[in-house]
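A.B. asks: Could you have a look at this structure, given as structure tokens, before my questions?
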Amino acid sequence: MAWLTLYLLSVLWAVAGTSTRAQSSCSVPPDQQPWVDGLQALMENSVTDSDFPNPSILIAMNLAGAYNVEAQKLLTYQLMASDSADLTSGQLALTVMALTSSCRDPGSKVSTLLKKMENWSPSSPGAESSAFYGPGLAILALCQKSSEATLPIAVRFAKTLMMEPSPFNVDTGAVATLALTCMYNKIPVGSQENYRDLFGQALKAIVEKISLRIKADGIIGDIYSTGLAMQALSVTPEQPTKKWDCEKTMHTILNEIKQGKFQNPMSIAQILPSLKGKTYLDVPQVTCGPDHEVPPTLTDYPTPVPTSVSNITVIYTINNQLRGVDLLFNVTIEVSVKSGSVLLAVLEEAQRKNSMFKFETTMTSWGLIVSSINNIAENVNHKTYWEFLSGKTPLDEGVAYYIPFNHEHITANFTQY
């Protein structure tokens, strides 16, 4: 009688609680608000008609209250015109939420996303944690548009997550928390099949794992996963055993902003909602008013202190030891660049000095990624890519944003995920 249960539930969805009230939240102190305004302006000003339309940026703009109305309109029109067939489930989900937050009807994009997810299952029993990121976004977007139709998919997703033994990923855990919290909130209390219990159990397991990644300074995972994690921990109905100190996290994030760590528009898009006291669960509640937003004056925007203009030396290694790849190599070069230069400048100088260091880049929503070095290119089918490390630690910023320090050893390692 599963169909009858779904029918009865569908009658009750409309009266189910839809509140997105934060369970644990904190706010930016008034004297620190100019830093957030400057961050938002940087993100909004990155939008041009030649860029890959990034739905995450439009969601952040709408949740925060856009200053640059022209950029907001441009992104909206670009996303409305995007071809759903060319998008992954995660990209399509973000597009649906972006258009919803713009008070635009996503149209057939919702039904296309639902079809993509109806037959969803992990690619393999031991699938990487990141394989759940896109489906998590899809369930979140579908929950906000048609929660009753999403229920069977969300149930399968929750059960799979609880059985999944693969290493935990904070970004994926945060998205899964938002998705299942949406479903949990939509189901009427006392409904059959114990769906709330299932989602509650899954949420408890996920937030416990997220809490284990909270560092002493409040950062959750790393500074770039903290934004989504803050959203998740602020709305989940199942709080972790280890209490989260939101104020400490906010304090550290604001300090990182002052150090210029958030320069990538995508990284800003993920942290901005939390800085504004919003989460992705607020997307359906965005009010679209007249185009009268006025940005703070430019004098309100603090900027990080400029760095020295002296030169630094960076040690740069390219390495490929993967079996099955024709060309194996491990080559190191020292290059000199101006202090404060981004890693991309190091790659360009190395390429100028030695043709073995020739590289190619691809534009993504996160900015430039290095797709090929020394004629060895990433391959989705083989799950290979170029990973950049400082010493033995993977970089958490892209080549167009990471700033090396003097005598730092950067390695580009061809590896698999």
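Cβ atoms are placed via backbone N, Cα and C, with glycine included.
Since we're looking at a predicted model, the values are computed, not measured.
Feature list, courtesy of Swiss-Prot:
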type     : residues                                 : note
SIGNAL   : 1-18                                     : signal peptide
DISULFID : Cys26-Cys246                             : disulfide bond
DISULFID : Cys103-Cys288                            : disulfide bond
DISULFID : Cys143-Cys182                            : disulfide bond
BINDING  : Asp171, Asp222, Gln270, 365-370, 386-395 : cob(II)alamin binding site
MOD_RES  : Ser191                                   : phosphoserine
CARBOHYD : Asn311                                   : N-linked glycosylation site
CARBOHYD : Asn330                                   : N-linked glycosylation site
CARBOHYD : Asn413                                   : N-linked glycosylation site
A.B. asks: Sort out for me which one of Cys26, Cys288 has the most neighbouring CB atoms within 10 A, since those are the disulfide-bonded residues we care about.
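C.D. replies: Of the disulfide-bonded residues Cys26, Cys288, the most buried by Cβ count within 10 Å is Cys26.
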A.B. asks: Can you tell me which recorded positions out of Asp171, Cys288, Asn413 are within 10 A of Asn330 (N-linked glycosylation site) by Cα, answering none if there aren't any?
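C.D. replies: Among Asp171, Cys288, Asn413, the ones whose Cα sits within 10 Å of that of Asn330 (N-linked glycosylation site) are Asn413.
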A.B. asks: To the nearest whole angstrom, state the Cα distance for the pair Cys182 (disulfide bond) and Leu395 (cob(II)alamin binding site).
C.D. replies: 32
A.B. asks: Just the number: how many Å between the Cα atoms of Cys246 (disulfide bond) and Asp171 (cob(II)alamin binding site)?
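C.D. replies: Cα-Cα, rounded: 17 Å.
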A.B. asks: Distance check, please: Cα of Cys288 (disulfide bond) against Cα of Cys143 (disulfide bond), rounded to an integer number of angstrom.
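C.D. replies: Checking the Cα atoms of Cys288 (disulfide bond) and Cys143 (disulfide bond) gives a distance of 21 Å.
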A.B. asks: Taking the disulfide-bonded residues one at a time (Cys103, Cys182), which has its Cβ surrounded by the most other Cβ atoms within 10 Å?
C.D. replies: Cys182
A.B. asks: How many whole Å apart are the CA atoms of Leu389 (cob(II)alamin binding site) and Cys143 (disulfide bond)?
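C.D. replies: One finds 38 Å between the Cα atoms of these residues.
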A.B. asks: With H, G and I counted as helix, E and B as strand and the rest as coil, say where DSSP puts Asp171 (cob(II)alamin binding site).
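C.D. replies: In three-state terms, Asp171 (cob(II)alamin binding site) counts as helix.
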